């Protein structure tokens, strides 16, 4: 579960945030991680109490058409996340080979390395978790090394974390803030966590055992997300120190594209070791998150459609869809287009969030589903306000982004998609309101 907080989309969002806004958006990262932890708590509780994951509960509770749309939206989020993993891994290969492997070549290599990692699945879940732990350790060591080497201003780091401000911020900083939220609170990760906790043997008829399981799952998630926050913090701080506020013309001529030059900048400033250590960290992020997306996709497909398929078939399907547009952009366009694509994919994750947040709040608030473990009043109000805030920010972002494109065709298409999006979110919100109201009346 914690791997999804450390995928290449997160890393790219972190470095862009540091380069564009300095330390000023660290508080967004902090609170996004806190909110992500609380949502993971709800997901784990749903799985522990009911013995069903979120996709299975959605299939049982929603009518056919809404649950089909919901499934499609989560699949879009998973494919978007997989595209980011492809981009991150391709960049890592490019850096490690000193440019000998082009980006499009790295994209093709990701097909093979994914199949290799699927073989690791035969080791069993516990050994696979240990392997993920090793990859997280690699990221912590590599990005921690960069942090110590760059030595950012600690006072500015603390100020950025605990003082909510963004002086002189505009649409670019807003896009980065939304990207942070979408990168940290990934919709498919909520579905994934609700399924992963089912692997533990729990006597669900024993309330004391269920309560104890909920407590330990929360402690486990807290530790994992604390580590992921530190790693993300390292990346933001490194690039805030190296990039933010730089006005030297030569700097921008030499490094016009932050997306690929991130390692090159570290190499020029702090020696070649920094470049290769950075690339290894990016490679670990891409490889670890590949299996996360595979597991999430399998659970979502099984839960919504009752369609069981092998992980091999699942990853082949997802990666085939994700790799085509990524390969085309990597081959025919320049690096800047990959940067734009990755930023938009982070924003896409944020736009997809209501399709995970509304269902998880709905079902964890229903007494007939959760029994004695249904959400209390504080959780209901807090969850509703969080979802409302995310929806408002998403709508504002879409309006700002679309109006900047200056295309009538894009306006019309965006308007139609936005109307459909809002209608479906309103439907889910209405079902959530009914659940919240019913549970309050029951109390």
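Glycine is treated like the rest: Cβ placed from N, Cα and C.
Bear in mind that the values here come from a model prediction, so they are computed numbers and not experimental data.
Per TrEMBL, the stretch carrying the note transmembrane segment among 101-118, 155-172 is 101-118. The transmembrane segment (20-39) and the transmembrane segment (130-148) are not in contact, since fewer than 3 Cβ pairs between them lie under 8 Å (pairs 6 or more apart in sequence). Here the transmembrane segment (130-148) lies next to the transmembrane segment (216-240) in space: the count of CB pairs under 8 Å, restricted to residues six or more apart, reaches at least 3.
Residues of the same chain lying 6 or more positions beyond the ends of the transmembrane segment (216-240) and with a Cβ under 8 Å from any Cβ of it are 1-2, 5-6, 10-11, 14-19, 21-23, 25-26, 29-30, 33, 36-37, 40-41, 44-45, 48, 136, 139-140, 143-144, 146-147, 150, 152, 156-157, 160-161, 184, 193, 197, 258, 262, 266.
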